[in-house]
Amino acid sequence: LTGVLDDCLCDIESIDDFNTFKIFPKIQKLQERDYFRYYKVNLKRPCPFWADDGHCSIKDCHVEPCPESKIPVGIKAGSSNKYSKAANNSKELEDCEQANKLGAVNSTLSNQSKEAFIDWARYDDSQDHFCELDDERSPDAQYVDLLLNPERYTGYKGPSAWRVWNSIYEENCFKPRSVYRPLNPLAPSRGGDDGESFYTWLEGLCLEKRVFYKLISGLHASINLHLCANYLLEETWGKPRWGPNVKEFTRRFDPAETKGEGPRRLKNLYFLYLIELRALSKVAPYFERAVVDLYTGNGHEDAESKALLLDIFRDTKSFHMHFDEKSMFAGDKKGAKSLKEEFRLHFKNISRIMDCVGCDKCRLWGKLQTQGLGTALKILFSEKEIQSLPENSPSKGFQLTRQEIVALVNAFGRLSTSIKELQNFKILLQRTR
């Protein structure tokens, strides 16, 4: 896999080097910090599109939340930000620390800016959202430690998984009327098309609709890479051994096994990486303000987390081959606005489909990664609002909730890991030849 990517001026080798030597080590560290490792999610929301076909009973599908009874009042207070040393020293917190090393308060700003949350409550930015957000106040929403529930192969497949991807590709990706064959790479009736002829229809679409398909295909490729890289290789005496499965990787991405489409899917992964990298470089001014604090209640750790995040932003800005989002929605104003709204609603629909995933662990990571991408899109299309942020008070024009921030960083962390894992598979494939 080499050369320049379509629809941008960036080559694969530059991304590999940049990711391996600059981004990957730092984003790994950031994901381990308390602020970013705890994600509040509702895994019990019903599927809005079809009758639920039952949840996956495989044990690896299970997600272990931090028990509600163990979560201290400082975290449960959430956006009202009622943090106190008394709560921090309570027996409940110690129990939870022992179980999960928990220490994350669900808030973005420190005590000095509590008025932010009043503004947030008043401010409804549903027009900017590319995702259906979970209601964090729902009794079904729970904190999950992402480090204790890693994304990996669970065995979840078959009709339920197929229906989710089919709905994403066939009902939400833009498709010209002249194309009758399925877009879904898992579809059995692909006809005699080879991969190259499959992609010829893409060239006839406008840039925005091409980008949309590439984002979904890139996300699918990234998720598949995680499953291949963290595969259950054997289970002896109840001790599972996880690791890279070259055979599974070949089945999903080898040109001979995929009618030439595998490398295209991987190129779409690189394209998605560029989109989210661009969003991180664009959102930097939001976090550079003193008023924004990655608040967990531990002042020393919070300062270190913010310093590491700002360091990553500096790296993203130094990358010299960014995707130019100004090339999107650049036609006549009325047509561009209509297309952008269509783009947003299609993506929002995909975020709702994640509530139809039958495996809890797959649902958790599916929701997080679509929300991360949705947050990236929200950032890319809010440039004016970000540039006009006030330095010392919360902005009513552009806000990110803690949930969005955690999803943005972890979703990009997953893409960074995918590209690193791809390097590992290249080495493993060379050894097997």
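A Cβ is built for glycine as well, from the same backbone N, Cα and C atoms used for every other residue.
TrEMBL: automatically predicted annotations, no manual curation.
Given the structure is predicted, the values throughout are model-derived calculations rather than measurements.
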Candidate in C356, C362 joined to C359 through a disulfide, as TrEMBL lists it: C362
Whole-number Å value for how far R252 (FAD binding site) lies from C362 (active site) (Cα to Cα): 18
Nearest of the recorded positions (C61, T154, W165, S217, R252) to C359 (active site, nucleophile) - Cα to Cα: C61
Residue among recorded positions C61, C359, C362 with least C-beta crowding, 10 angstrom cut-off: C61
Distance [Cα-Cα, Å, rounded] between R152 (FAD binding site) and C61 (disulfide bond): 9
Among T154, S217, the one of these binding-site residues whose Cβ has the fewest neighbouring Cβ atoms within 10 Å: T154
Extent of the FAD binding site in Å [max Cα distance among R152, T154, W165, S217, H220, R252]: 21
